[in-house]
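Beneath this line is the structure, given in structure tokens, with notes to follow.
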Amino acid sequence: MDFSDSPEVAEFRADLRAWLAEHLAEHADGVSYDSAEGVEATHRWHRALAAAGYVAVSLDPRYGGRGLSDLYEAVINEELAAAAAPPPPPIGHIAHAVADFASDDLKGRVLPGLLGCTESWCQGFSEPGAGSDLAGLSTTAAATDGGFVVNGQKIWTSWAMWADRCLLLCRTEPDQPRHRGLSMLVVDMDTPGITRREITLANGSREFAEVFFDDVRVPAANLVGERGQGWKIAQHMLTYERGPADMGWTGRLGNVLAAAQEAVRSGRLPADDVLRRRLAAVAVDAQVLSWHVARSLVDRESADPGSSGSIDKLLTTRVEQELYHVVDDLLGAAVVVGDQRPFSEYLWSRAQSIYGGTQQIQRQIVAQRLLGLPRG
Amino acid sequence: MQIGLDPEQRAFARASGALAADLAAGWDRGRGPHDVGSPEPSEKDWARIADAGWPALRLREENGGLGAGTVDVAVLVEQLGRHAVAAPVLGTLVAAEQLQTLGAPAATLEAIAAGELRVAPLLDARLLDFAPSADGALAWDSAGATVAFAPDGSAHALGEPLPAADVTRAVRRPTSPVPAAALELRPPTDDDRDRLHAFVLTLLVADLLGTMSAALDAAVEHARSRTQFGRPIGSFQAVQQLAAEDLVSVEATRSAVYHSAWAVDALPAAEALRAARVAKAFASRAGVAVCEDVVQLFGGIGMTWESPVHVWLRRAQTDRTSFGDEHTHQAVLADLDLAPGA
Ligand SMILES: Cc1cc2nc3c(=O)[nH]c(=O)nc-3n(C[C@H](O)[C@H](O)[C@H](O)COP(=O)(O)OP(=O)(O)OC[C@H]3O[C@@H](n4cnc5c(N)ncnc54)[C@H](O)[C@@H]3O)c2cc1C
């Protein structure tokens, strides 16, 4: 048992810190999703990280990764958070799906842009009629000469407004049982027949869209894996998407917590005994979360994360949502009147129990797949 | 003992609900924070509000008012919350009651009752109580108000709305004094102050009740009509259990509103205030928890501006903070209940 960094990890961490110390200010300016300039700055930041070798490091070097374990992805998330840098590009799960399932030809065509962050991607899974019940989706890709013709609609697709490509889960085998009828396609977002409509989030953020597909032609060579393999690939991706390390949340929550602790310590925010205890209680949970994440990451070096990612997601939800309750109560009236960033972060914390599979669905996965309880 | 609304109060609830719904229908949530409708009512809407007697409701007859009891006012305010009315009725009711308690001249109160003078209450910067002076104060639910009075009677013009979580009500800062509008006010007795405080807390609880019950109704409707896995999501136990606990919170809050509204007019002031603190402590926590559950029950759509869910959550959070959240009141109640010899 050893929770400390191995010499290799320690060296990697030190290099990254040095790189951040030198380059953060120059590359991270103006990053946001709220305006065209912000998005452009975000892409610049991602390209700088990629050029320095800090994107998708867990991928095979053949595909542009560094062949490191997932632990290193977590180190990147932690160190960026600790340096108050913007997050890395959220592409680990997409990169793994493509690297693990796509043909060499497809990998050769799309991975350099994905990993180099010269092209941005979105994940087209959810539909108006298929959220929790993802396998019930109805966007179709009919096989034709040399490819597919896609028709349907995706919704709540993060970053779709400016994405160059979409990893699309769609139905290619209407005669097959639901789960077996799905396939995964890489779709170029500038293909004729694609229309995007922006959806503003409840906190005003503008990174969401609805995407319509109207007779969109996709070449057969853009099929990821085999026809009918879509569900399997999606499940594989979601285990990566669910892990808190993949999303970089633990480091960011740690920052929010540390800022709250500092505000109380310095007297900038008054806190009575009740608030001090609540802050301590959530700090306890956050600390345990970080140990738990470290353990999950090490487990992953030897086995596919499988359903245990749902435990990580549920634990993260618990910590994040309580943390924002405590932080908001420390701020008091300043949350409801004045600069709306704290309120908007609080609102965002409510999404943690929805995206990537809702809290109810995650609990069901834990109960049925991990505890082995019977299905209702 | 008779607990519940009488036929007249039920009729008033229906009539105010109809107008509230109509006012709400004229407000546009827009496509995002940058084009959300203003909470300042049009001249026409404000005239309808004044015609309905809402600003006059609680003022005594000698002050041009209707002399309604707190239960009636709570009946109205529940409807304001239920329809998330984007017009400063609550702020007007609170300011009018404060001015009446401080002995403002009848002419001023008559002008408020008639909707001619548009006022807002001044709260301290932490929104915990009425402000002792205009210094650093915030004019609460003040869209369209032309003036706010400090307890010393000084009158203050108001600035632009500040950024705020609630999109249906505005908060503004007092800017410059308006000496010509100043009033002669007198300091309240302890009892008057406590009763005023109890009245205001009760109205916030009523607004929370309306907000949380509207949100829950919408979630239940959604759970009936939204199907996943070939069934309405409302048929899943996880969904039913969340919604069921939320109804427990709504019904308990209704009991708390009824009691604390009755208490304002029926019990000694200190007891009325204690009851109102209990109600506010309960509803602050329950109201926000219900609205958070409602976001969850809606799923992805609940996280977008396209759904009204966040409007309720914003309003509930603001009601919760205003005049003290559950922690504020629990602290006072702990002092009251746990002092040696209590
Ligand atoms: C911030 C954010 C970003 C997102 N980004 C993307 C993206 O990039 N790409 C993408 O494809 N999707 C994305 N989504 C969509 C997300 O995956 C879905 O919102 C989510 O899967 C839930 O589906 P739904 O919204 O249709 O809710 P529903 O499935 O309709 O669920 C509504 C409610 O019913 C409950 N429920 C449903 N089924 C059951 C059941 N069997 N048992 C118990 N309870 C149940 C849910 O828990 C929830 O409370 C995003 C969502 C959010 C909020």
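Even glycines carry a Cβ here, placed using N, Cα and C.
In TrEMBL, annotation is done automatically, which means it is predicted and not curated.
Annotation source TrEMBL lists domain 'Acyl-CoA dehydrogenase/oxidase N-terminal' at A:7-115.
Broken down by DSSP into helix, strand and coil, the domain 'Acyl-CoA oxidase/dehydrogenase middle' (A:122-216) contains 10 helix, 52 strand, 33 coil. Per TrEMBL, the feature domain 'Acyl-CoA oxidase/dehydrogenase middle' maps to A:122-216.
As annotated by TrEMBL, domain 'Acyl-CoA dehydrogenase/oxidase C-terminal' applies to A:228-371. Applying DSSP to the domain 'Acyl-CoA dehydrogenase/oxidase C-terminal' (A:228-371) sorts its residues as follows: 115 helix, 1 strand, 28 coil.
Taken through DSSP, the domain 'Acyl-CoA dehydrogenase/oxidase N-terminal' (A:7-115) splits into 75 helix, 0 strand, 34 coil.
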